[in-house]
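Here's the structure, in structure tokens; my notes come after.
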Amino acid sequence: MSISITLHRSGTSRTQQVDTTTTGLDLFGSDRAVVAMRVDGNLVDLQRELHDGAEVEPVEATSEDGLNIIRHSATHVMAQAVQQLYPEVNLGIGPFITDGFYYDFGNIEPVTPEVLSELEKRMKRIVKENQRFVRRVTTEESAREELADQPYKLELIGTKGKGAEGASVEVGGGELTIYDNVRRNGEVAWKDLCRGPHVPSTKYLANTFALTKFSAAYWKGDQANDQLQRIYGTAWASREGLAAYQQRIKEAERRDHRKLGAELDLFSFPEEIGPGLVVFHPKGAMLRHLIEEHVIARHMEAGFNFVHTPEITKGGLFHTSGHLPYYADTMFPPMLVDEERDEEGNVTRAGQEYYLKAMNCPMHNLIFRSRGRSYRELPLRFFEMGHDYRYEKSGVVHGLTRMRGFAQDDSHTYCTREQAPGEIKKQIEFFLSILADFGLNDFYLELSTRESDSAKKEKFIGSDEDWQVATDTLDQVCRSTGLQLVPDPGGAAFYGPKVSVQVRDAIGRTWQMSTIQYDFNQPERFDLEYAAADGTHQRPIMLHSAKLGSVERFIGVLTEHYAGAFPVWLSPVQVRLVPVAEAFNDYVTGFAEVLGSRGIRVETDLSSDRFGKKIRNASKDKVPFILIAGGEDAEAGAVSFRLRDGSQVNGVVLDEAVRIIAAWDSRHRNDDPTAETLRGVVDD
């Protein structure tokens, strides 16, 4: 007796007859590159028996689904190893995440690097046992009995995917299932509440995983719940995939902006000031100034009106905008101002609550509303380097990329509904051109919309009709750009959908940069209007946008993108003059004055260090032009260029040297000068 299935693979389809007991392992078992399968579009284990008429497609280990399955299987192996080492541990959840996985544990002693090493050894032994992952459907009653000593699992049973972030890997789906890890002799080595799917056996994980770090966590992500310990790992489709990832991590560590910020004397985060707040040193402040100066100039060229607003405001403004109460958790607590009391302490004059500014849009609305507006003024674009403050939990602040105090290149455009599509497209093109100015050219778009679940719509304001119009407008504009568009359901701001530009840096990591949001709510809340051509008063549409995201975050990303070796036009110090000996100090000092008078950022190293050390120091500081002067140079009125790649161009007369450096600065090139390209830029 047989059944008919259709196998889809590598772009081809083939219908074939197979036995009624045929599983995915029978079809793909000899191919270790296949870790699971899709049956009628659903991800399932290879051990699953097929049904008549099934549409079957293999899941390759290197695919996104395949890697997620490998990583989730690795979490089970890790949790088994943890439970071997700590039998009384309470198991939390263990989902896959980008590039890896984690598992949360309660009732466990503090994890250390030595513990991670021991756990990896145990995981390798488990993998060597070639334990099978066996799916078992159970009832809620049976599951509670089996997992009676696991309080977090008991809490998850019956939730069917609701509750903790990542819990869907435990109990999502239509059935309650447990996965057993079964040894060759049939003995169950370990089990976990899980919906799967998993790789067929632990041998599929051989030489593909590593444990990476540990941290504190809270059950269900809520600080009111138990504190747990989270262990992270990574897993890949092959030994080579793991090695490549580990190399990327090493490169990312080398480029870490926090490390480079200290080494290059750009910025610091003094404990005396507090987490999430940065101090820019002279070189870092110059880098910041250069970025802001360029962005401001580009906005002026594009028809934006420069404005400025204060950094504190009465709380009522944020109630009008709707940020209170929707945004309250991410704002600093209010300050009570102007309260007066008599000698007995009785309040004689009520104070008012003031807030640090968390966003600029409410104040820009007040500028729009300050006088009557005509349709002839639209689109009206306001732009500000606004300084904002948001209360990020101390555990999530991260260098310059997640801060409590930051500056936004923030703009708000007021336009008619008819103008909105064209204005959005124009601004997206503007975003991309600014990012390209800084050497960021690899990007895609992400469209963030509100939750479709009616129960979760409460955190969003506005009518369904307005949301649909706004979302459709952004979607259509994004598609017209020809760029890749990735959906982000639930990621919208409370007042409207958002498009963000996701940028890939020099080592392939993705960063959110520019954003534009369609807002139909704030014009209503602030009673904004303009006089239309027919004499009626109409509500404008409001477009929020930021090109860099935040200046600080952009500096962090740019520092890592260039590994601290900024292009000539952005380098805080463009030239360092190094005399071969003390006898040439006056010569290089005089030339430094010439360069400085041309606006070139120059330093001289007149220290008592030996010449070789001076060169090493300049290279370590990533100065793009090291100019060396010795006897022959001084006699010829010249200098020698030493460049970042180690190449050298000797005997460049001073006038030509000035022209070369000035040209590299003014042309805003983002590549490094080489011996071959050094002079060519003058003739571009």
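Placement of Cβ uses the backbone N, Cα and C atoms for every residue, glycine included.
The Zn(2+) site recorded in Swiss-Prot includes Cys361, His412, and the single candidate from His257, His281, His537, His544 that the record places there is His544. The secondary structure of Cys361 (Zn(2+) binding site), as reduced to three states from DSSP, is helical. According to its DSSP assignment, His544 (Zn(2+) binding site) is in a strand. The Zn(2+) site is set by Cys361, His412, His544; from the centre of their CB atoms, other residues of the chain with a CB within 8 Å are Met359, Asn360, His364, Asn365, Asp410, Ser411, Gln517, Asp519, Gln522, Met542, Leu543, Ser545. Counted over every protein chain shown, other Cβ atoms within 10 Å are most numerous around His412 among the binding-site residues His412, His544. Here the domain 'TGS' (1-60) has, by DSSP, the following mix of helix, strand and coil residues: 5 helix, 33 strand, 22 coil.
When Cβ atoms from all protein chains are considered, those within 10 Å of Cys361 (Zn(2+) binding site) total 21, not counting its own.
According to its DSSP assignment, His412 (Zn(2+) binding site) is in a strand.
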